[in-house]
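Enquirer: One structure, pasted below without further comment.
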C-alpha cells in the first residue's frame, strides 16, 4: 500500500505542504502572464482599429434602408419624407429568380423602383382611355405620386409606360422591411400581354411572403403578452433562489431521492424490456427472420433488441447499486459540500446576480462584433450600370447595357424602352475591400477570444469570492465585507493576462472546430464513407479536447483566484490535485450534475406548465386583471417563457456549480495542508469533519475552556 501511494505521489505530484501564513486568497500578489496580457491588450487595440476602419468605410444604410433604381436611399437625405420603396412590377422579383437570390442581392429586382411616402391602398390599373392623357392628369392630380422623379407633367401616359417611368398598375400594399409588399389576398390585375406572368408572380410571391404575415402576428402576440412573459421570468428567478436555499435544509434527502428515482426508472426499464422480450419470444419473433434492414424501427419487433436493452439497463443498475454501496462515504462528502455551497451562496447573495454582469459584457462583445462585421460587409463605393428590361430588342443593340453610368443623369432614349442607370453593387478594389476577408477573420477571432475572456473573468471572480468563504476561520465573522467586488478588482488588476491565456487556448480549439464544420458542410455532397468517418473522428476529437480544456481552465481559474500564480502553474497544480483525488472528483461531479439537472428541470418545467395553462386559457375563473390575452399563436409566449426560464436557471446554477467546484478544491487542499491539530486546524465545516471521522483540536480546546470558565 505504501509503495502504491508513493507511485501515485510521484505520478501526480506531492500533497500541498502546510503554510502558516496562508489564510485564504492571498492579498500580496503580482501580475501574471504579463506577455499574454500585453498581447491581449494590443489585440483589443487592433480590434478597435478594425472597428474604426469599418466605421469610416462602411455604409450600413444599404442594409437598414432600401434603395431606389438610382441607388438613392429611401428615408434618408432628399428622400427623408419617402421612407418606403415601391416596385413598379414586384412580380418580376419572383419571375426573374428565386426569392433567396433576391434577398441576397438586397431585394434588388429587374424593375424600376421609386421611393414613396406611403404605399398604395387600393388596386388600380391604367385604362385604355388613359393612354393618351398626360401624366399629370392620370397620376399627379389623382394623388398617385408613384412615378420616377423628374417625369414631366405633360408627358403622355403611353410614353411614360413605354419607358417605364410610371407604373402601369398599383396593388394595395403594406410596408415591410421598408418596402411595399402586396396583401396576401390581392387579386392580380388584368393587364394585356402580361396577365399570365402576373398571375404566376402572384402565386409565387404570396407563398414567399407568408412569413411576413406570420411576423406581424408574432409581433402582435409579443405586444399583448410581454408583461406576462416578464411575470413568468420573475417566477423562474424566485424558483431558482428557492431551490438553492432549499439545498441548505434538504440536500441529503433530495440527492437520495434523485438517486432512488434513477434506480426506479432503470428498474422499470428492466421490467418493461423483460415483458417485451418475453412476449416476442413466445411469438418466435427473431432477428434471423427479419434479417438486415435500414429501417431501424423494424428492430423493435424482434426479441434480441429488447434482450440487449435489458442487459444494458441491468448492467447500469448494477453499477449504480455498487457505487451506492462502495462509494457511500464519498457521496456523503458530496452532499455535505452541496450543503456548504448553499450556505456560501446564502452568505454572499450578490454572487447570484453576477451573471447579469457577465450577460452585459457578453452582449457588448457580440454587439460590437455584429456592428463591425456589418460595416465591413458594406464597405466600398457604389457602382451603377445601364439596364433595360428588354435588352435583346433590335432598338437596344447599340445601347451600352451593363456598362458604367452616372445615376444623376438618367437617360431618356426612345430607341430602347426602359433604359435606366441602376445600382449594381459595391466596388471591391480599395485597400479595405481587398483586405475585407482578413478583417472579417480578425473580427471572428476577436469575438471568440473576448467571449471566452469574459466567461473566464466571471469564473475567476466567483472563485475568489467563494474561496474567501471557505478559508474563513469563523464564519461569517471572518468573511470579507465585499468579497465579490474585492475578487473582481483583484482579478482584473493582476490576472488579465492569465485569463487571456486560457481563453486563447480555448478560442483556437473552437476556431478549429468551426473550420472543420465549414469544410464538412462544403464537402458533404462529395464525401465517400471513409472520408465521412475520418471527418467524424476529427470532429469528435476536437469536441473532447474542447470539453477537457474547459474543465482544466475552470479549475486553473480557481487556483489563480486563490494563490495568484500564472496560468500554467495553476492549471498544473489543479490537475495534479484532482488526479490525486480522482474518485471524489467523479462522484462529486456526477452528483452535482444530477442535482443541477433536476433543479433546471424543476424551474423550467414549472414555468412551462404554468405558462401553458395560462396562455392556452385552461385556467378559468381569473379576474379581468389576470385574463389571458387573446393570441394568434399561444405557444409563442410559452416557448419564450421556457427559454427565458432556462437561461435564468442556467445563470443561477452556474454560480452554484462554480461554488461547489471552488469549495471542493479548497476542501482537498485543506485535507492535505492541515491535520486538525492546534497549529494546523481544519477549515472545513463540522459536518464534513464528522463524515471524515476527524476533529479539530482547537475546537475541542475551546469547548474545554468554555466549560472551565463557567461558574
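Placed from the backbone N, Cα and C atoms, the Cβ positions cover glycine too.
Because TrEMBL annotations are produced automatically, they should be read as predictions rather than curated entries.
Here the structure is a predicted model, which means the values were calculated and not measured.
Features from TrEMBL:
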| type | residues | note |
| --- | --- | --- |
| TRANSMEM | 34-57 | transmembrane segment |
| TRANSMEM | 226-247 | transmembrane segment |
| TRANSMEM | 254-274 | transmembrane segment |
| TRANSMEM | 306-327 | transmembrane segment |
| TRANSMEM | 352-377 | transmembrane segment |
| TRANSMEM | 441-471 | transmembrane segment |
| TRANSMEM | 492-516 | transmembrane segment |
| TRANSMEM | 556-579 | transmembrane segment |
| TRANSMEM | 591-615 | transmembrane segment |
| TRANSMEM | 635-668 | transmembrane segment |
Enquirer: Restricting to the same chain and to residues at least six past its boundaries, which positions have a Cβ under 8 Å from a Cβ of the transmembrane segment (352-377)?
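Expert: Counting only partners 6 or more residues beyond its ends, the transmembrane segment (352-377) has Cβ contacts under 8 Å with 50-51, 54-55, 57-60, 63, 241, 244, 345, 432, 436, 439-440, 443-444, 446-447, 450-451, 454-455, 457-458, 461-462, 484, 651-652, 654-655.
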Enquirer: Which stretch, 492-516, 556-579, 635-668, tops the Cβ pairs under 8 Å count with the transmembrane segment (591-615)?
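Expert: Result: 635-668.
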Enquirer: State the non-local partners of the transmembrane segment (441-471) in its own chain: residues 6+ outside its ends, Cβ under 8 Å from one of its Cβ atoms.
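Expert: For the transmembrane segment (441-471), the sequence-distant neighbours (Cβ-Cβ under 8 Å, at least 6 residues beyond its ends) are 22-25, 40, 43-44, 46-47, 50, 340-341, 344, 347-348, 351, 354-355, 357-358, 361-362, 365-366, 369, 372-373, 376, 479-480, 483-484, 486-488, 490-492, 495, 499-500, 502-504, 506-507, 510-511, 514, 553-554, 557-558, 560-562, 655, 658-659, 661-663, 666-667, 670, 683-684.
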Enquirer: Are there 3 or more C-beta pairs under 8 Å linking the transmembrane segment (635-668) with the transmembrane segment (226-247), counting only pairs at least 6 apart in sequence?
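Expert: Yes, the transmembrane segment (226-247) and the transmembrane segment (635-668) are in contact.
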Enquirer: Is the transmembrane segment (556-579) packed against any residues at least 6 beyond its ends, judged by a Cβ distance under 8 Å, and which are they?
Expert: 11-13, 16, 24-26, 29-30, 32-33, 36, 456, 459-461, 463-464, 467, 487, 491, 494-495, 498-499, 501-502, 585, 661-662, 665-666, 668-669, 672
